[in-house]
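Asks: The structure under discussion is supplied below as structure tokens; questions concerning it will follow.
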């Protein structure tokens, strides 16, 4: 019966159809975004699980030097493997700044183990490459990349790769060759942990998902409340003709259930259509397989059903709470004034999220046992997650109370008709008025968190590229043993190499690196003036030049070659991309056994930063985009809904002679006051929470004030919000004219 009555109520009501269409559209957007966000989070987990084999089974692997009691730089060792054991090592390689995951493997003839997603282990001298790497190899000359690996024997299937963009190579080698690498392991099972067991990474992934979901849920909540005054009048009419309260509630529920079902179905379709585009968004520099983004049917159905049930239940409860009288009165009821208790969730959230960071500062370092002593709980990530959620929700819960206090003060000071009407309405309905800007408030807070936290990446990755620093085209590598003069002569004659020199450490002092004067000059470490004034055979250079320290050269008199060892290899190039890669290939193919892969300063820095902080940067940019866009849409929907709900009142005010400009000021004031009330609070909380997250997860890191792009995002969001309000004002003028009021 409820659906039949609902159909009759809206069959010939054009405004009702528009309202229901708006609700369906809002639910569709919400459901599609929820599915895509959940799918992206699952995609992060799935790609970590697929590529976990490259961790070489940390629970089932033993370093080769422990197994053989033989260090890599002590010469060849006999690697006796059983049929279930493999000898493998993982290292990084590079091509024009792009990182290549390089796995060397040696197995016995009767090997019985396997690698997930790889049908056959490559034989010595051959390799398997990921599709993206195979395409890259085919697109460049062999001496720039392909010659490093051997003979291509096939591609690695998608089942063993994190992403379509993954650059992975599995190289078959002899046991003797692999045993000489610095991190060779005896592996019995190729397994690994999600995010390499890094709980901090998982924490950031969850924070990113929660942060982008909150504005989406706010949008769904706002759109389901469209036309509340219109529905209240219809339901009052039903009560007037004798409909029991239960019937009215069921009609409200059935109306919402129908629109939510249509919206949920449309949302599922939109999510499926948008999945290929969402899969192209890179996180950690890698895109997704489309299958990673698309959820399984059970999860899709769960999201759709929960959305329908929750929106229907909310509509039913709202109808029950209205409490229509026997005559169907529809006077708007005042909200119960919010109390100071509304601040409790916010305070608890701030305390929780600050606990790990504060503990690390008090102790000087973060240790789980110390945290347990201070707080009784040994997992700081739980504090950070719980505190972040509580702070975000607490801000939305405390907003109406702060808005109520501000509006009461503003109402006493109001001197214009617009101020009296607007501020007193906010005072009577603080929750409803704050709800209209809740999306913008959440966006401001979350954008501040993201933009501030990401400054730890920008600060750490800022590299100087000038004459005072080591050239960005110079390759750096650490040999397992000091190269012989003959090996250095051959390397200096190799393709792409302008000059190869050694920086050595002294056995007598703990000073910097020592170079021969010739090497220092040809590597570009000395200026022409220094070359003319320094006459010692060796010069001393500060050891931080491979990081980001300026080069400082001074004379080193009395230093003997026999006092120097533990070399670092520096290879200068002419700076062209082709010759840098040729030189890198020459180093890899040389007789010099390397402890680390030859890489430039920028590649070393990228490798160090391509973890926790850079992952946060990607999530931050996505979060900023989603929250800013949704907040503007939410504000526009809420403002239009408020105007339509009060068009009779506004129409009567205009009929009594109120100018249109006064009506505009009322609407603008009702939107501006709740937002201005918490503007400063949002920014202060955002900076505080960002510092707490960064410091709590990585005590050695710190933050800075957001760069100018943050102000651009805030200004753009406010401008879009102003445009949406301006569009709403035009709608208000249209729907409150004399003809509209006469119709009412």
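Cβ from N, Cα, C; glycine included.
Where the annotation comes from TrEMBL, it is an automatic prediction and has not been curated.
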Asks: Please find, within the list 20-41, 42-63, the residue stretch that TrEMBL describes as transmembrane segment.
Replies: 20-41
Asks: Out of 235-256, 257-278, 411-432, let me know the one TrEMBL marks transmembrane segment.
Replies: 257-278
Asks: Looking at 110-132, 133-155, 156-178, 340-362, which one does TrEMBL call transmembrane segment?
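Replies: When 110-132, 133-155, 156-178, 340-362 are checked in TrEMBL, transmembrane segment belongs to 340-362.
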Asks: Would you confirm whether the transmembrane segment (671-694) and the transmembrane segment (257-278) meet the contact rule of 3 or more C-beta pairs below 8 angstroms, pairs 6 or more apart in sequence?
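Replies: No; fewer than 3 Cβ pairs under 8 Å.
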Asks: Which value does the mean pLDDT take for the domain 'ABC3 transporter permease C-terminal' (622-729) in this predicted structure?
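Replies: Mean per-residue confidence for the domain 'ABC3 transporter permease C-terminal' (622-729): 76 out of 100.
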Asks: With CB pairs under 8 Å as the measure, which of the listed stretches 257-278, 340-362, 709-729 comes out on top against the transmembrane segment (437-458)?
Replies: 709-729
Asks: For the domain 'ABC3 transporter permease C-terminal' (622-729), jot down how many residues DSSP puts in helix, in strand and in coil.
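Replies: For the domain 'ABC3 transporter permease C-terminal' (622-729), the helix, strand and coil counts are 93 helix, 0 strand, 15 coil.
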